[in-house]
Ligand code: TA6
């Protein structure tokens, strides 16, 4: 599928944001518009209007928690390599559209009049973005929709992304889509990282023609390329980075599946917008809805939410036992 004409960011720059110490419109790489959110205790996040793409999430010590490649291109229609690309209305090659759909290479706008938000946001550091199809998009995917995304930073620095997709077709037609928050976590050393919460689950292996397998009983560790789609996972998954004494906790809602991806050395070399050794410092764990595509009738709305926390952990001292994390609320 050839890359479409992508509307310039001019549309984006007419964005008006209420003055706030927590929300700022700024210019990012190549002059692309981005929104910077700051929480009073010091944590921050940045989201580009291009792709509604989160490219930074820092804790209150200013440490970056997401991976973005040093070779990432901020040049439409190429998606940004790293951070949190949004895969919609198609995950990967699960359909006729371009890889991972088109939401990640479209210009979104600030939603200045969002409908009431389903759950209270306990922080002032949030922004609402919206994507509606262009005429070009309708030719590719003949559906009318409103995709609203709220990006919010919690008082403790947690990063929440809440997507609401509404079918606004006037021809009575339903539509079906798959979805993922394709999150790139920054890790100290991939060979020292463990993922808890996916043990014994069924998965599709994208490296073996999507064949179906069942995971072994222990936490996941990494010593080669991995590209797996875990099915019907628990709502909480933990990524333990011993070296950094840090545990990422992913809480998800409306997103039954989880993708785990690391390109390792060969694929890394093959990607122009990815450094040869960068695979050592990233891991994608993606909250997703893939196995059972979502179908919406006109007027219906779907919600998919992920909440990311980064908690200091000194696993060895038992301060934070991942099993306790996964079992706690
Ligand atoms: O989420 C894993 C995956 O689907 C892999 O198969 C790999 O292709 C990765 O996404 C990156 O995709 P991209 O289109 O961003 O190069």
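Each Cβ is built from the backbone N, Cα and C atoms, and glycine gets one as well.
What TrEMBL lists as substrate binding site is 81, 99, 104. Counted within 10 Å of its Cβ, the other Cβ atoms near residue 81 (substrate binding site) come to 23, all protein chains included.
Around residue 182 (active site), a 10 Å sphere centred on its CB holds 24 further CB atoms from the protein chains shown. Summarising the annotation, TrEMBL assigns active site to 182 (among others).
According to TrEMBL, the active site annotation covers 286 (among others). Neighbours of residue 286 (active site), defined as other CB atoms within 10 A of its CB across all chains, total 26. In the three-state DSSP classification, residue 286 (active site) falls within a strand.
Among the binding-site residues 81, 99, 104, the residues whose Cβ lies under 6 Å from any atom of ligand 1 are, in sequence order, 99. Note: the CA-CA distance between residue 99 (substrate binding site) and residue 182 (active site) rounds to 12 Å.
Of the candidate recorded positions, 81, 104, 286, the one lying closest to residue 182 (active site) when CA atoms are compared is 286.
Cα of residue 286 (active site) to Cα of residue 104 (substrate binding site): a span of 15 Å. DSSP assigns residue 104 (substrate binding site) to a helix in the three-state reduction.
Surrounding the centroid of the Cβ atoms of 81, 99, 104, where the record places substrate, the chain contributes additional residues within 8 Å, namely 78, 79, 80, 85, 87, 100, 105, 182. The highest number of surrounding Cβ atoms within 10 Å, among the binding-site residues 99, 104, is found at 104.
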